[in-house]
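Have a look at the structure below, then the notes.
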Amino acid sequence: MQQIQDQRKKKVLVSCFKQIGRCTVSCILVLLTQFALTLVPHFFPASSLLVQLTLSVVALVFVLGLGRWCRRIVGVYASAPALVFFNLIFIWAVYIFIVRQAIPYFISIVFNIEVTLLILGVCSILSSDPGLVTHGSSDANKLIETKAFGVEAHNEGSALLKRVRYCKSCKAYIKGFDHHCPAFGNCIGQNNYVLFMILLAGFLTTEASYIVCSSQFSRGSQILGGTWFETDLAGSLVVSTMLFSLLQVIWGCSSHGICIVYASTSGLTNG
């Protein structure tokens, strides 16, 4: 009995050290990414926005490639949710220590509330139940019976199979399975789909707000369009985080915009 308890404690310790290692790697990768992006406005301050965005994409691809090469050597993988969290904290820190001084007090309060709610939302969806089909539940028994009788997907009795899908990442059956989201480290299913859509809209809103605030700071400080000598570290951080947020908004709208349309249409047709 004591040996079993010792093995369990050892597994918990190994898991904790593994998670700490992944979070550490993620933090280092975020710092390297943001540093690489800072070089774009520092060395190309007079370039157009399109050129700076293109160079930012190149810098991101380079850092990600370097990260993959390093993790093969070290053997420790970064955590996608930790990358999301640390990037959010980094942008928030740039806002608090640099951008905030050029923003009206009321707008600053609104932005800080947005980021706080976003962090709470990320923590909530990480620990949320997407709709797991547990052993012994009525859904699990029906699923086993349906699979045992070999019901095909087009039959009326296979309605449960249309609602329940197996996630290879979570190694579990999920009710109302939509997809597995690596960024949030969880499946998106029946129980947390609404939270996911709210969180997605929150990310886009917060990033758009930061773009507006950082643009206002840059115009007030005359950073955009300045020379190499005029763009200091603070100015480069503001512009680089603005470019990063802009890329996130473009990616979010292009890749998840169809999800919002689908959800709206589903709500209309199923109602």
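Here the Cβ of each residue, glycine as well, is placed from N, Cα and C on the backbone.
Confidence for the domain 'Palmitoyltransferase DHHC' (162-266), expressed as mean pLDDT, is 79. What TrEMBL lists as domain 'Palmitoyltransferase DHHC' is 162-266.
Under the heading transmembrane segment, TrEMBL lists 20-43 (among others). Only residues 6 or more beyond the boundaries of the transmembrane segment (20-43), in the same chain, are considered here, and those with a CB under 8 A from a CB of the stretch are 52, 55-56, 59-60, 62-64, 66-67, 71, 74, 76-79, 82-83, 86-87, 90, 223, 228, 231, 233, 235-237, 239-241, 243-244.
According to TrEMBL, the feature transmembrane segment maps to 49-67 (among others).
Cβ atoms under 8 Å from those of the transmembrane segment (74-99) belong to residues 18-19, 21-23, 25-27, 29-31, 33-34, 67, 111, 115, 118-119, 122, 126, 182-185, 210, 213-214, 217, 234, 237-238, 241, 244-245 of the same chain, restricted to positions at least 6 beyond its ends. Annotation source TrEMBL lists transmembrane segment at 74-99 (among others).
Away from its own ends, the transmembrane segment (105-126) comes close to residues 81, 84-85, 88, 92, 95, 184-186, 192, 195-196, 198-199, 202-203, 205-206, 209-210, 213 of its chain (Cβ-Cβ under 8 Å, at least six residues beyond either end). What TrEMBL lists as transmembrane segment is 105-126 (among others).
TrEMBL lists 193-217 (among others) with the feature transmembrane segment. Sequence-distant contacts of the transmembrane segment (193-217), counting only residues of its own chain at least 6 positions beyond either end whose CB sits under 8 Å from a CB of the stretch, comprise 91, 95, 98-99, 101-103, 107, 110-111, 114-115, 117-118, 121-122, 124-125, 128, 176, 178, 181, 184, 223-224, 238-239, 241-242, 245-246, 248-249, 252-253, 256, 259-260, 263.
What TrEMBL lists as transmembrane segment is 237-263 (among others).
Residues 29, 32-33, 36-37, 39-41, 78, 239-240, 243-244, 246-247 of the same chain sit 6 or more residues outside the transmembrane segment (49-67) yet have a Cβ under 8 Å from a Cβ within it.
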